[in-house]
Amino acid sequence: MLPSENGDEDQGSQKPKRAYLRKGEGTARFRMTRRSAPLTSSPAINLPRFTPTNSAPSSARTIDSGIPHDDDTRPPTTASLPLDQPSVLESHDSGNRSESNERREEDNVEVVSAMQSYVPGDRSSSVLETCSKVSEEATQLRAEADRITAQANFINSMKSVSITPSSYSSNISGPIYQSTPKGSLRHDDLSDDPTFLPPPLVPPRNHSPQTLSSLASSGSLDTPQARPLAGNRLNMMVQNEAQTGISLLNNPRRQPMLPAHHHPSQKENVPERKAPSEHVYDEPLQIQRPHRRNREEQRQKHNLMLQLRDTIAHLDYASECVWSTRKKQEEAYAKRMKELEEDFESKMQMIQEDNTSEEERLKRERRDIERDRKILQKGIGEREKEHTQMIAKLREKLSNSESQNAKLRQDKRAVEEKMKKFIEENEKLTKDLNRNRATCQRLEKHIKQLRTEKEKDDREKEMFAKVAMNRKAAASGIATGSAASSRLPSVSSLASSMKTGSTGKGRTVSFADDEPEEQTLEAGEETMQPEFIMRPYETKQSRFGTSTMYRDSIGETTRVTSTIANGLLFEYSNGDFRWMNRQNSVEIYRIAVDKSIIVNLLQYNISFIYFFQRQLEVWRPGNNTTLISVKRREVRTELHCENGTYYTEMFDRNGRYVTKDFCRPEVFKDIPPGSACSYRDGGTRYVEYTAPEDFELVEPEYRLRWYQGKVMVCKIIKRPRCNEKTLRVQVDVTTGSGILEEVESQLKDGQSQKTTVFPWS
């Protein structure tokens, strides 16, 4: 029958014992017997993966350290020690030791720390060699192993088996030589393997071997250890549980039960039994009702085996680190030796080369000395003869050198002449290239101009065709719906022309401020994307007024300036600008790419569009249009629409004009200077003619003066009963620069007072 885990039946009969592991020590701090020899100076190494918070290793030697398992000097592992097999021969009297013996044993115990003091950076594994030196501790362990082997032989004769569930299942694999609790053990198996460590069943002190033999033979050992296993599965379970005690760390701790009575000398140890411990103390099966002393010893043995296993793993890890460091040092040594050998070989090669050159020099000097010695041995006549021959050779050598120098000078002059020709040809080609580039640019401009003129001619032909079709429709009595149309081109077509002309802008700009509502030619159908919304980030005072800089999320900027004449000036980052008054009646837009200027009178549906150095277009309601050309033969073309019929007046630079329609023949007339012509709307709109290139368009909303193809001046008259100012727009036809001015209604000294709103160039 298995004993109770809480040990309730022994609370009143056993005295409390001091906990073997003190509070806070854990598996990293353990006790070991004092030795007379001094402790080793090598640092202890802590292996974090063996702590309870980490995953448990599969064996005490999880590192391939290279130390064979048959090494006698190695301490036994957990699997080879008696972990879960309690003694079947311990009697009740073994727990009645005196308190003085317990104190003597505790005094012979010291606390050893296995915390980490040095962990190398490189954790590479290496093969470790076996240790050839047998220490004193290894000798003691070997003697202990012999003693345990003798005890195991006695136990095997009893044919008993342990089914103690003192440890829980674990995934730790045992070493090569491990105890096998499956079935009964034979004496010859133990004698063949000297490293086999069966359970340490030590007979109690108050029983002799004869007494134990009599107990075993009399059959009084009626305990679970004396009965065989029920089946193979239980046998395998016991074998797995007996391999290691690391499963003690994976199970929750049972609350210790304090005995009812305590010994007076151990009252100070009672709080220590309340302290939590990371070990689960097993209660193995006993032959009869065991004393608490036996269970304490079993627990101490179990904890010592766990500490021994961790210490072996730490030693293996330290040995592996040492050997990895040795391997690194050997590699560094080999590398350094190789470098030194290469350096030595290079230096030896340099020395050999120096020796060779020195030997050659000595040979030359030796030859010269030998020649001089022979000359000195000869007579005066022979010396003079040799000197004469030497002089002749030197002269011949000199003449050859001079001829070679002359040839080289000649070649040099030829090369210089050739290089000079190349330089001249290169300069000529460079000039031709520059001239051709200029010609190409001029031709490109000419082609562009021709293309523009062709587009204008096509547009005029289309206009004339439209007039002809309308005239035919009127002659045939078919009603037309042109009276309901506003003007040509419409606002949408003008907006499209503005968008195509502004290649640099290419998008609509809005502002986050509460600016006055504006009706631009770009209709509001386009949906603004969030990155195109501009927000103010800088405000300062400029020469035209207070200006605010706006910026969107993609880096585009726009400067908005509040000007006089109750207007706003928008300057875009691509060079375009737009001015409009707060009444949304006048709008001026300039495109920086082609220097085009657009003036819109939004309340009257009138537009002025000036294309730089090409023409000026005036669009009125009812499809009445005026085209003023800068370089064409016809300086002005008037398109009239009356009662759905169209006719055209074309004025040339000689002072003559011709009227064209599809009902009457063409009429050529001369215009007297100072007269009026081109009447519209019952005479309210007309043109005052001064010269072929000097005329003024007089209309109720504005006055437009064209002066000799150099200056265009447009005076925009303010609306009655509105808080507006009369504006004057002047544009230089040749340069594209201009100015916007505010005109006062009152005259001073017969002259109108003008104030500059803003200029542009």
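Just so you know, glycine gets a Cβ as well, placed from its N, Cα and C.
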**Q.** Candidate ranges 129-156, 605-632, 661-688 [criterion: Swiss-Prot lists as coiled coil]
**A.** 129-156
Q) Between 351-382, 383-414, 415-446, 479-510, which stretch does Swiss-Prot give the note region 'Disordered'? A) 479-510
Q: For the coiled coil (326-464), provide the mean pLDDT of the predicted model.
A: 90
